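Below is one structure; the comments refer to it alone.
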Amino acid sequence: MAVKVFGSHEGRDVLAVDIQSPDGSTTATIITFGAAIHDLSVPTSTQPRSVILGFDKLSGYVANKQWHHGAVAGRVANRIARGQFILDFTQYNIETNEPTGHTCHGGNSGLGHRNWTLEKYDKSSATVVYKSPDGDQGFPGNLQVSVTYSIPSTGVFRLDYKAQTDKKTPVSLTNHSFFNVDGARGPAVHNNLQQKLTIDADQYTAVDKDLIPTGELADVAGTPFDFRESRSIELLDDTSGSPFHYDLNYVLRSPSIPGKLHRGAELISSNGDLTMECWTDQPGIQFFDGAPMDLKDRGLGGAMNGYRAGLCLETQLWPDYIHHPSFPQSVISPGDTYTHTTEYRFTKA
């Protein structure tokens, strides 16, 4: 366990804290900028493997902050149509950051772009906190947010989110790490097309051309979005002949029960030597395949964070839920506590 200065942002030190499993085989580094997971290393049959894309220096995170590498996305993760919503007969206008005039992950100054505070840590866990003031990003209420990262056992990486407010407000947080279970460090990092994915969902939230949900829940059967059985991510588009691009919220099959985790997805390395399962209490997972990513800054150990170098499995409420009363909701009032737990469980072959 160690804490060090990782850099400086807007006049404040950005800290990095190392945590590990009780046996020391699984390790992670958390930085306070964006409350981001800087590195996560898990055991394989040969040697430890880094599985999350990142940057060796803070400048990489700042220069590429729109990608939210390893960061917490919020106050409300994913998209809010037209950058506005009505709550108790009051219209709130929030920052828009999509070319189409919508808001994604809280806008240009979302929580993933802020320097959080390291509140406490020990050998196996670290808690970071942020106080988002009333009107921040356009949202109502002073929001107190905390995320605890922990490694309770070998190969298990856990995230526990909490938030409280002094005024009624929507809140939905997620982590935007880019995973590559073939390895995310060094010049040998390659694309994820041959990694095998399962998503435990029979439906997805249908979207328009701007990726805003229409309100329809569409069946995955007979579509390129069907990952009910493990298969390679690569699927050629009949029209373009190129691999199909994924950026979509899946409606998880298991019900979301407070305090109970259910499996949402499984990702297997190209040669089958490492498996990651995503367990969560949330009703959705946004699968983003990283296809548009083409970064100038080198990643961990000189990695090229380019085309499909990593993919996101963002556990969350469904996008634009504030405009769809039939979707699962998260609008908290004073006295309420928002909670969300996700675990990424790794096993070697």
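Backbone N, Cα and C define each Cβ position, glycine as well.
All annotation found in TrEMBL is predicted automatically rather than curated by experts.
Feature annotation from TrEMBL assigns beta-D-galactose binding site to ASN78, ARG79, ASP247. Annotated active site, proton donor per TrEMBL: HIS176, in sequence order. Residues annotated as active site, proton acceptor in TrEMBL: GLU314.
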Practice task
Among ASN78, HIS176, ASP247, these being the recorded positions, pick the one whose CA is nearest to that of GLU314 (active site, proton acceptor).
Solution key: HIS176
Practice task
Show which residues of the chain containing HIS176 (active site, proton donor), separated from it by at least 6 in sequence, have their CB under 8 Å from its CB.
Solution key: TRP67, HIS68, HIS69, GLY70, ALA71, VAL72, ALA73, HIS105, GLY112, CYS312, GLU314
Handout entry: Close in space, distant in sequence - ASN78 (beta-D-galactose binding site), Cβ under 8 Å, 6 or more apart
Key = CYS104, HIS105, SER172, THR174, ASN249, GLN286, GLU314, GLN316, LEU317, TRP318, PRO319, ASP320
Handout entry: Residues flanking the beta-D-galactose site, with Cβ no more than 8 Å from the Cβ centroid of ASN78, ARG79, ASP247 and excluding those residues themselves
Key = CYS104, LEU211, ASN249, GLN286, PRO319
Problem - Entry from the recorded positions list ASP247, GLU314 having the most other CB atoms no farther than 10 A - result: GLU314
